[in-house]
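**Q** First, the structure itself, so that you have it in front of you.
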Amino acid sequence: MDGNRTRESPDAWHMTDDLHAEQGKGDPFAAAIRATRMSMIITDPRKPDNPIVFANDSFLRLTGYARDEIIGRNCRFLQGPETDAEAVAEVRAAVADGTDISIDLLNYRKDGSTFWNALYLSPVSNDKGELLFFFASQLDVSDRKLSERRIAADKERFEEAVKERTRELEAALETQTALLHEVDHRVKNNLQMISSLILMQSRTISDEAVKNSLTTMLERIEALSTVHRRLYQSKDVSKFDVSDFARDLVSDLLAASGRSQISSKLDLEPIVVPADKATPVALIVNELVTNALKHAFRDETMPGSIGVKMSQPDGHLIIEVSDDGAGMDGNAGDGTFGMRLIRQLGRQLHADVEWRNTSPGTQVVIKMPNGPQHEGDAP
Amino acid sequence: MSEPLKVLIVEDEALLAMELESLIEEAGHRVVGWAMSSDEAKTMVDASAADIAFVDIHLSDGPTGLDVAEHIRRSGQPMVVFMTANPKRIPENFAGAVGVISKPYTMNGLMSALRYLQEGVRRPPPSSALPTGFTLSPAFATVWAPA
């Protein structure tokens, strides 16, 4: 059969290719290759410079050459200035190694126009393994390449736009952060100045009552300062740790009082409140602790103890400040400014405030709603 | 009571420096100088034999408090304690400083800090607890407040 002959006597191809030899005329495979819409060529690596020995009509239509212009030539005439040298080198290596290759190449027609060629090249050997031909098919994939490039270009444009926007947002954030730091810095400095002014004024005053009044005022402002300092030192400026605040406040006030015979009993669960509640809660705690220190233990030699307990059962924050000192009767009455401060701030926090005479001493219990605690806040 | 401290104040806000001076002297220590800029501070450091320098980061010639600390580190004395409203500006190594007192500090906090520093200078390590509002540098924390 002709097919067999083709394989055993490859020259038959050669004959059919360009010479329209008699043997090839009746070969259905040769006829199919001639007539297919797929562009195909065969080259002969045994001849000098591996020339084209067969090209079908599709190849001629695709490249614009006449058959007699290309038969006998190496197919590198398809390359041009824009053809990727690396891709060409790959093809060359495949030819040298006698292996097959599938690769996209930018090729040039006779008229100089370009097309993307999805080249498939494969060696044809005889039964003895001797390389006889290379068979190559060319598929015009210009459309696919074009859309690939468009997609790539779109992607690049899009990525560039995203990068640009990200840069803008980062710059905006940087400005915001710098502004926040500047404002924070000024607030802190101003608070420090207010404290300094009060202290300086207080030094010039000899009247004990006025001096005490200024000291109380200083303590309140310092409570505010401490809230601000702690809030902006923490990672999350939206939450305030009231237990830490209370712990520091008590040790600070006790150390300053120089009353070593007064001890503190702290029972503090870690509790955070939202930042907007930080100031009123801190002021209340400050008021209760300073009150206890000043009024409950007026006898400077008496031993005593101050207890602060904070807990948070079922969505509530409970603050208990107790002392075993002089008791309520000895305290300043209901009408003092400190008391009013506690009541008013309590109202703002929707808190229940309860004074209990525990004789000896006083216990004040503040119970306020404090939304569900978030994960990680609880011990 | 051990020997009082000689303190150098490096602070560009007159009001804060004035009040700080009063508090330091009330606590029985002595203020040996007040500098508002980094140049003034460096000159005073070299001229005075201060034990402690309270250094604000932001001075009249910019955020140069760190330069002052570096200068003091090279000259070997005194011990530096930063006093700043912006402690996040302090580098990891604290430029060799003992630590930082964050503004706004309280009067009591400052008094405790002075007591603590006096112990640290005269009889290290300090025996008092670390005062609230005072943060030790990592280097001093390992020596003065080992975990």
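Using N, Cα and C of the backbone, Cβ positions are placed for all residues, glycine too.
From TrEMBL, here are the annotated features:
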DOMAIN    A:25-98  domain 'PAS'
DOMAIN    A:99-153  domain 'PAC'
DOMAIN    A:182-372  domain 'Histidine kinase'
REGION    A:1-21  region 'Disordered'
**Q** Going by DSSP assignments with H, G and I as helix and E and B as strand, what are the residue counts for the domain 'PAS' (A:25-98)?
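**A** Its residues divide into 37 helix, 9 strand, 28 coil.
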**Q** Taking every residue in the domain 'PAC' (A:99-153), what is their average pLDDT?
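**A** Averaging the confidence scores along the domain 'PAC' (A:99-153) gives 92.
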**Q** With DSSP as the yardstick, break the domain 'PAC' (A:99-153) down into helix, strand and coil residue counts.
**A** 12 helix, 30 strand, 13 coil
